Structure formats: structure tokens, C-alpha cells
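I have placed the structure first, in the form of C-alpha cells, so that the comments after it can refer back to it.
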Amino acid sequence: MASIISCIVTSATFCFCSASASLMSACCGNDKSSSIAPGASSGRKRSVLLLCLAIAIAFGFQYWVAKYIVNIGIDNYVTNAWLSGCEDFETKALTERCAGQAGVYRSAFSALIFFLLAAVAVSCKRTANREAWPAKYALFLFLVLGMCFVPNEPLFTNIYLNIARVGAVFFILFQQVIFVDLAYNWNDGWVERSNDAENEENGSGKKWLIAILVSAAFLLLASIVGWGLLFYFFGGCGTNIAFIAITIILSLSVIVAQLSGNEGSLLASSLITAYATMLCYSAVARNPNAACNPQLNTDDVLSICIGAGLTIVSLGYVGWSATADSTLDSTVTIDEDDDDGNKDSARSSSEDKSKITGVVSNYQSTKDEDEESRVIDTEERSLNGNIPDTFSNNWKLNLALAAVTCWFSMVLTGFGLIQADGNVANPQIGEVNMWMIIASQWFALLLYTWTLIAPRIFPDREFS
């Protein structure tokens, strides 16, 4: 009996270990056999997962590790490095906040260094984004560990803080492009499903059109209710009233511009309007003036959730959106002499397919081809550098993620502001943060308006 139980346990252990290894390989490396190269989008997904890990570490450092270091009372090199510059604050709450910001800087700076190095690597080798991910994760964790021994001054509180502020500005602009593209893709996707359903079954496509109208009406109604609530709760000063009024004027202008022409769609316009209303709330909720902001001395959970949600949507777009390559890539045409016309046609077809699916396939699949010959052909073309210069294989991906690291570090630390006038509960409150968010809202509304009116101003140009 003991032998039977031992055999069962051994077999189960082997199965669990194999499953764990496969799961780890899928998350950090390649989920295909060793003879098949990973897809072009695999690097995007694993980069985003690493950035999510950096955000999780930053949260842990800010809300748990920092408090432990402040309260532990142990004098050693690590605690002294972590608390350097924080001893100047008189209250314990401000000291904990300073230590929390120091923790965020350590995780974010490690991620920034990682993605900058990755950008250099992919500039030298285009497939670098898809390779050696277990080693890359280990490198990132070692960077975080090493940063724990570095004093706050001057690297984090001076040098990195200013770099992160500039990087956050670039990400805010990048984020607006993402949401405008998302609005169009949502509408186009549902219209396409409506057409497909109409072709397959006569009359069934109306369900998708009704869903578009209901969603647009809900978003517009939510925006109108949001405007009223903003005036009611945050209308105590001229600055907030001006922000809310400009939001309403620009939102109505967007809807009028969309309804007056054939460009855009009601669903996309309503989504942009709701997004602008949400940004307006995030801006007025960060006003450091107590007369303007009734939530000044409270934990503004809604603003924090909105900021985290927008960041998650942006990361999801960068990592998993099928349109990210077509929207953000930089296509490079590869000229190569080839006597066989069929090979040229196959290469052109495979490159077009790679831009749609995100998977590099530099050969034409036929029933007569052998699997081994296709793998060899793929490897040879990879060595020759015949890989599309898409967003997944480009240094732009790593620079975009580096900008995200700057953004989330500034969101969690209020752009590095530590003040004693009642904003300790919510570290995002600050005049700089307020103006950054409202400026990004204006940019998003103006960008979407331009997509509506540009085809009318320049009818001879292609804007699709």
C-alpha cells in the first residue's frame, strides 16, 4: 500500500511540476515548442506584465514597507538610505509619506532603467523584445533590490523626480491618443458585427445597432449627470467653474461637429464626452484650495480608482490591442532581390499578415510544406533581419512603457509634492497635477474634434 501511495504522489508531483513549469514559461517566456519562435506580440504582453509587477511593488513599498521602516526604529544602511532626506519633516505622517514616495521611486526607476536598456537592445536586434524573458524578469528584480541600497538624495528626489515629471507629460499625451483610437475601434467593431449578423441572418444586425444607440445614450446621460454633480460639489471657486464650463462647451462642440457630418460616430463622441467628464472630476478633485475641494482632507478613493483604471486600460491597449501595431508602428519596407516571383508574393503576404495578427510569419503556408522546413525558413529569415518594423518589434514600445513608469510614479506621489496643509490623506492632490489633467482633457477633446473636421478641411487627403 505504501508503494502504491508513493507512486501516486510521485506521479501527481511530476504532473504539477510540469504544469507549473508550463505556466511559468507562458508568463515569462515562450508558450510554444522550442523550435517555434515566439510571436511578435509576445514581447508586448510580457513587457506590460513586468510593468504591472513594478506597479504592484511600488504599492507595496509605499503602503507597507515604508511604514515598517519608519516604525521599526532600526539604524542600518538600508533604513538610513531609504529615509535620507525624510528626517527634515516634523510629523510622523509626513515622514511616512516621504518614505512611501521613496519606495515608489525605487520601483519606478528600476522599471525605467529596464525599459531604456530594452529600447537600446531592440535597436540593435529587432527580436530582442521577444527573447530571454525569465532572465529579464530576474534582471528587473535585481535592479529593485539594488535600488534599496541607494540613498534618496540626489538620485531619486532630484534627478529621477525631474525626469519622471517630464516623462509623465509625454505619457499623458500618449494616453489621449489611446482613448481616441479606442473610441473609434469600439464603434467600428460593433458596426462590423452588425453587418456580419445582418448578412448571416436577415434582421439580426439591428441588435448591435440598438446596442450602439443605448450605449451612446447611457454615456451621454452619465456625462450630463456628472456635469450637474461637478457644479454642485466643486462649484465653490472660479477655477473649478471655469474647468467645468469649458468641459461642457468642448463636449457639446464635439457632439455638434459629429452630428453635422459623416465623420466619427455618436458612440465614439459619447465615449469621449464621458472620458472628458471623468478627467474634469479628476482635475477639480486635486485642487489644493479647500474652498474649491470638499474632499481635500479625505481619502478620494474614486479619483485613485479612476487614475488606476485609466492606466490599466492604457496598458491593456499597449499589450493586447490588435490595433496597437497598425496605429503606433513605423513600417520599414525591406527591399531584397529575389529571382523567384512567388517568393516575393509570399513575403509580401506574410508581412501584411504579421501586421494584422501580430505574429511574424515570414513564409507562405501550403499543405505540401513540411513543418520542419517552415521552421528553418522562419529562423533563416529572422537571422537575415527580414522582420517587420512594427510597434511590437520597435524601440517605441519600450519608450512608451518607460513613460508609463514615470506616470504611475507621479500619480502615486502627487508629482513629488509633500505638503502639510491637509493633503497627506490623498497624495495625488496638487496644483501641478490638477493642471496636467485638465490640459490632457483639452488635448483629447481637441484631438478628437480634429479627426472630425480634418476630412472636411482637406477633402483630398486620406484620414482613414
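The backbone N, Cα and C atoms fix where each Cβ goes, and this holds for glycine too.
Just so you know, TrEMBL annotations never went through curation; they're auto-generated.
As annotated by TrEMBL, compositional bias 'Basic and acidic residues' applies to 342-355. Under the heading region 'Disordered', TrEMBL lists 333-355. Residues annotated as signal peptide in TrEMBL: 1-19. TrEMBL lists 48-66, 104-122, 134-151, 163-184, 208-234, 241-260, 266-284, 399-420, 432-453 with the feature transmembrane segment.
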Long-range Cβ neighbours of the transmembrane segment (104-122) (under 8 Å; 6 or more residues past either end): 47, 50-51, 54-55, 57-58, 61-62, 128-129, 136, 139-140, 143-144, 146-148, 150, 152, 155-157, 160-161, 163-164, 167, 393-395, 397-399, 401-402, 405-406, 408-409, 412-413
For the transmembrane segment (208-234): best-contacting stretch of 48-66, 134-151, 163-184, 266-284, by Cβ pairs under 8 Å: 266-284
Ranked first among 134-151, 241-260, 399-420 for CB pairs under 8 angstroms with the transmembrane segment (432-453): 241-260
Two-stretch contact, the transmembrane segment (266-284) and the transmembrane segment (134-151), at least three Cβ pairs under 8 Å: no
Top partner of the transmembrane segment (399-420) among 48-66, 134-151, 163-184, 241-260 - counted as Cβ pairs under 8 Å: 163-184
Within-chain partners of the transmembrane segment (241-260) [C-beta distance under 8 Å, separation at least 6 from its ends]: 220, 223, 227, 230-231, 234-235, 266, 268-270, 272-273, 276-277, 280, 283-284, 438, 441-442, 445-446, 448-449, 452-453
Beyond the flanks of the transmembrane segment (134-151) by 6 or more, those residues with Cβ under 8 Å of it: 24, 28-29, 46, 50, 53-54, 57, 77-78, 80-82, 84, 106-107, 109-111, 113-114, 118
